[in-house]
Amino acid sequence: MAGTWIEVDLDAVAGNYREIVRHLRPQARCMAVVKADAYGLGAVQVALALERTGCEAFAVTKVEEGLILREHGIKGAILVLGPSTAEEWPKAMEAQLHLTLSELSAITEINEVCLDLEQEVSVHIKLETGMGRTGFRFSELEALAHNLAAARQLKVMGVYTHFARAAQKDKSYTSEQYELFKSYTAKLEELGIHPLWKHVCNSAAFLDYPEWHHDFVRIGTLLIGHYPGPGFSGKLTLADPWIAKSKIVHLRKVPKGTYVGYQSIYCTKEETQLAVIPVGYADGLGIAPHFVPQGWVDFLKIIIKNFAALFGIFLSQERVELRGRTVRVAGKIGMQLTVIDVGLQECTLGDEVKIPLRRTLANPRIHRKYKQDGRIFAERIMEEGVSAIYPEYS
Ligand SMILES: *Cc1c(COP(=O)(O)O)cnc(C)c1O
């Protein structure tokens, strides 16, 4: 039995989906963004649960992610948001994935592959309005229309753009992006391209701009029970589907003055118990994306944190929960083992500990247990880090 696992409550995910749908403009639908393994929850089980709840469209970044969803029975539209390559097109077409167009040269090439396979393919035009990543600029639209006119196998299902700063307080950049989107799509119409669906909103824009919902909103963050930023908390009633847990596998009473872990940065201040849990930074514990200070307050926080650490005071020390109480991590988090200082509270070998694992950074090899109607409904155990097993039992 795994000593560390993640419980994913699929009812919570389904509830979040229904809550999002309740806040949609009447003509709009929710496309579930399940990229990066549904932000770590597990793309297949999350997409299946959402499909059972009525979700008709999904988005991923890569073709391979889309193929996995199809192989596991997802029937809805699956949009590949990222660029795709020629080797991937035949498989993507066979699986009826929707491809994103963001490269002029790809249009003719995709059309040729379609002709060879006697297939049509649904495509979405990505417009670059300020993210600076992928998409067509205004100056390319005429060439785009020209190429599309000759590419008869391509069905233009959608047109979209992606916001860079929708979660930030200052909304002016987002408004500029939206104005560009409007002028680009007007130009496309003028050029005779009439995409069926328009979609621009991610989680933050969905909450802030109901008038921009159009045909679809593309939602990831809210579905997994998070808000896109501090200013958004409480705008919906969301449930958290995620609990990461580990078990105490070693427990010792130690005297005051015991050093713990690499570099001995932690020293017990009194008699206490040290417990070991089988989880570490290789599993994602204590790992966070690179943090860029937004202004002087953030910058000062970083300075103060690092200054305090020089004196052995760790302000950002991770905390875990044992028997309902908050307990500190003692010393540095190891690769696969972490020590916690549990004090003299009663506890025993095998006790469960709730751990703070960032969803998108949790190792996919960690065992997932999927709950529905209050019981474990399916599990996922990764073998060799790649092949997934999804035993489903009732
Ligand atoms: C990830 C992503 C989304 C979802 O964004 P959230 O803020 O997580 O809802 C939407 N659109 C694109 C293009 C994305 O890459």
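Any Cβ shown, glycine's included, is placed from N, Cα and C.
Features as listed in TrEMBL:
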ACT_SITE  Lys35  active site, proton acceptor
ACT_SITE  Tyr262  active site, proton acceptor
BINDING   Arg133, Met335  substrate binding site
DOMAIN    241-371  domain 'Alanine racemase C-terminal'
MOD_RES   Lys35  N6-(pyridoxal phosphate)lysine
Query = What is the interatomic distance between the Cα atoms of Lys35 (active site, proton acceptor) and Arg133 (substrate binding site), given in whole Å?
reply = 17
Inquiry  = Averaged over the domain 'Alanine racemase C-terminal' (241-371), what pLDDT does the predicted model reach?
reply    = 93
Query = Given Arg133 (substrate binding site) and Tyr262 (active site, proton acceptor), what distance in Å do their CA atoms have, once rounded to a whole number?
reply = 40
Query = Which has the fewest other Cβ atoms within 10 Å: Lys35, Arg133, the recorded positions listed?
reply = Arg133
Inquiry  = I'm trying to understand the geometry here, so how far is the Cα atom of Tyr262 (active site, proton acceptor) from the Cα atom of Met335 (substrate binding site), in Å to the nearest whole number?
reply    = 11
C-beta crowding around Met335 (substrate binding site), within 10 angstroms = 11
Ask   = Counting by DSSP, what is the helix, strand and coil composition of the domain 'Alanine racemase C-terminal' (241-371)?
value = 24 helix, 47 strand, 60 coil
Ask   = Which number gives the other C-beta atoms within 10 angstroms of the C-beta of Tyr262 (active site, proton acceptor), all protein chains shown included?
value = 11
